[in-house]
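The block underneath contains the structure these notes are about, expressed in structure tokens.
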Amino acid sequence: PKMREEHCLHAALLCLGVLCCSLALATGLSAPQPSLHGHHDRGKEGQVLHRSKRGWVWNQFFVIEEYTGPDPVLVGRLHSDIDSGDGNIKYILSGEGAGIIFVIDDKSGNIHATKTLDREERAQYTLTAQAVDRNTNRPLEPPSEFIVKVQDINDNPPEFLHENYHANVPERSNVGTSVIQVTASDADDPTYGNSAKLVYSILEGQPYFSVEAQTGIIRTALPNMDREAKEEYHVVIQAKDMGGHMGGLSGTTKVTITLTDVNDNPPKFPQSVYQMSVSEAAVPGEEVGRVKAKDPDIGENGLVAYSIIDGDGMDMFEITTDYETQEGVVKLKKTLDYETKKSYSLKVEAANVHIDPKFISNGPFKDTVTVKIAVEDADEPPVFLKPSYIFEVQENAASGTVVGKVHAKDPDAANSAIRYSIDRHTDLERYFVINAEDGNIKTIKALDREEMAWHNISVFAVEVHKQHQEAKVPVAIKVVDVNDNAPKFAAAYEAFVCENARSNQQFITISADDKDDSANGPRFIFSLPPEIIHNPNFTLRDNRDNTASVLVRREGFSRQKQDLYLLPIVISDGGMPALSSTNTLSIRVCGCDGGGSLLSCSAEAYVLNAGLSTGALIAILACIIILLVIVVLFVTLKRQKKEPLIVFEEEDVRENIITYDDEGGGEEDTEAFDIATLQNPDGINGFVPRKDIKPEYQYLPRPGLRPAPNSVDVDDFISTRIQEADNDPTAPPYDSIQIYGYEGRGSVAGSLSSLESATTDSDLDYDYLQNWGPRFKKLADLYGSKDTFDDDS
């Protein structure tokens, strides 16, 4: 019964909409429609005034959507004021949906909708109407545009933007706290009736939540909702159109609301005492045990930090927080000794990291527990007195030189004897050996600092009676440098000096390198050997920055005489005692230009210096290329001058064929065309009607100006027409060109007709076309070679 009642109400609303649309159409179609023709009025001084106005007047047409009647629905009627009802006017409809959705009766102008329309698919259609002459299709009036609007009915239920919503709200929120806003939309027209006026209501979710009827905002309706008791709620919201009244359409959506956590619960230990044990052999940092306080809150609200607040083991143990498992990890802080103390007690506190001031009254947000730790006895390995050892030994020291001594002891009460050994994985070359009894380390062979400056080995210590108990310590041995390497050139220098070099001109700077340490290396001293201290060709200058400059002592070197000089240089280091070495610098004599740039260093090239240089050869080659380019351009321009400026090809000749529909037979043809046809039948009576405007009165021609009906005097005929046009008050103020199909008599040029030439032999000679140039070559070939064709046949 409820569904039937809604259907009945829906049908009543549909009928009411159709009735309103019909009344609107009747009102729009009953508007007066002025004449399409232009009117003119005479002014006070006899002036003709012209005005024109539209022949189409209508409002917007309306058609109701979802109309399912048996007949096409009448949208409206188009009518022009020049339509006299004789059927000579044809109405044409074009535009959106014309011919498919909207059809027009071309006689009456009635527009019908042939299909069911949906406003939600398309709200309006723009159409163009025009009245034309049925016989000639000539437009009688300009096209006019109008709009057909689809009138809405309540045929679309509200739809929410999402089928499911998810929202969060903090637990223990106050009543009225906003949770989320849900929004529904109705595809119906919001400007017409209440079809799109929505009202929200809650179907499921009371008494925890409520919804605002107009906005769709969901709010909390119950105080102190606890997440730990119930975390998730499912709410169903309904949106109903027609303002929520009976008969309206509705839609629903589901909203999942999750209570987010707040820190409203303190941590609690599940027990009051924890028992732990640790071996005395445990190293500092080793884990002893774990404690955990439970907090029902989650996330940062459930974070717990642990600390030791009391106990006799505060100096021996520490506690850290494992934030992944929320546990307190008790670790050894210092080494234990079973023989000294066998047990310890700790008081551990667990407290929340983040405390919400709103719920401070639920506190305190912390808890304490007692941790008892028992120390277990263990057989401990030997212990070195130092965690690591660093020794020094000079390079090149004799085999058996003592490097240093390591020492370990047994921490147990038995105090067993200790034996030492070197881990051979750290001393593959076997540079060292250790005394197993006392731990003295000695060299086996000489050490070279330049080969390896540091040696890192490991030494084992084990108990004599318990081989499984061992300890390991790293030992770093530094090889101390001695001055055993003389300095040398830093690179393989090769110097060049110009033949035209000036005296005291510097041409190279050298430096040295020493493999020894910086204490036995720089500063370097450069000098010439005593036997060539007065070398006539070159001299050496120590720059006192570990470099030296070589200078030219004289001028005028010649490659023909000597192209290579060898200069010995002595380099000494700063070691104690100092070492030195003699290094030879090769100096090659080269040819240079005026700016000192190197040209050639070979003696053979000196013989060819009278020839052309590379730059001159390049310049000559460039000149030859330029001359070749000029010659090519000259030849190209010469050829272009011999050719005509305009090239006419056989394909470029085009024919223009002009077709005449009709032509007279000349002056002698009196039967093909009658001059009387030039005279308008109305012109015989002296009246020439205008076709562009409607005259208000008829013009009476003057007597005596009418030519004889069968007169063949064209001059008189044209003169008569000119007088009539000049004296016609309805004639336009512009010249009118009238074309006549009669040539007249006495033409000197004769007839231009080519009709007879198609059927009779022509006596014209077209050979003169050969002299008219390339443009008329095609015509000359077509008309000037007729005799040739006749002879061939």
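The backbone N, Cα and C atoms fix where each Cβ goes, glycine too.
Annotated domain 'Cadherin' per TrEMBL: 80-160 (among others), in sequence order. As a summary of secondary structure, the domain 'Cadherin' (80-160) carries 0 helix, 36 strand, 45 coil according to DSSP.
As annotated by TrEMBL, domain 'Cadherin' applies to 161-269 (among others). Averaged over the domain 'Cadherin' (161-269), the predicted model reaches a pLDDT of 90.
Annotation source TrEMBL lists domain 'Cadherin' at 270-384 (among others). Across the domain 'Cadherin' (270-384), the DSSP tally of helix, strand and coil residues reads 10 helix, 56 strand, 49 coil.
What TrEMBL lists as domain 'Cadherin' is 385-489 (among others).
Summarising the annotation, TrEMBL assigns domain 'Cadherin' to 489-606 (among others). Across the domain 'Cadherin' (489-606), DSSP assigns 10 helix, 53 strand, 55 coil.
According to TrEMBL, the feature signal peptide maps to 1-28.
The transmembrane segment annotation in TrEMBL covers 616-637.
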DSSP assigns the residues of the domain 'Cadherin' (161-269) as 3 helix, 47 strand, 59 coil
